[in-house]
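Structure first, commentary second.
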């Protein structure tokens with residue numbers, strides 16, 4: 001399996017990713033193949049517009065029941081709404097993954113120039 005070079009986020013979340021405020025994302029197994037130490041391009045899900053680049057720090061298993069306030073804060077959504085959204089996106093899936101990342105240094109410079 002090849003190493004992913006892109007990741008998408010809902011457009012409403014991309015300002016948080018691009019500012020470095022959002023540093024995790026919760027995905028299912030099909031989207032868990034990111035590799036720590038790699039850099040990936042961030043695109044909006046809706047329009048495929050490139051937003052920035054992030055460096056993958058970790059990919060760790062996460063059970064649905066382990067989703068907590070920290071995850072909700074990172075997703076900029078209340079915990080009950082986050083759990084409902086995850087169930088909508090990944091119905092009947094308990095085995096999830098939390099991908100931890102940071103804004104790539106070159107991305108922050110480019111964003112400040114805009």
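In case you wondered, yes, glycine gets a Cβ from its N, Cα and C as well.
Not measured: the values here are computed from a predicted model.
Look at Swiss-Prot and you will find 8-93 tagged as domain 'ASCH'. Feature annotation from Swiss-Prot assigns active site, proton acceptor to 22; the stated evidence is sequence analysis. If you look up Swiss-Prot, you'll see 25 marked as active site, nucleophile. The active site, proton donor annotation in Swiss-Prot covers 75 and is backed by sequence analysis.
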Original post:
With every protein chain in view, how many other Cβ atoms are within 10 Å of the Cβ of the residue listed as 'active site, proton donor'?
Top reply: 22
Original post:
Do you know the DSSP helix, strand and coil residue counts for the domain 'ASCH' (8-93)?
Top reply: 32 helix, 26 strand, 28 coil
Subject >> Averaged pLDDT score, the domain 'ASCH' (8-93) >> reply: 95
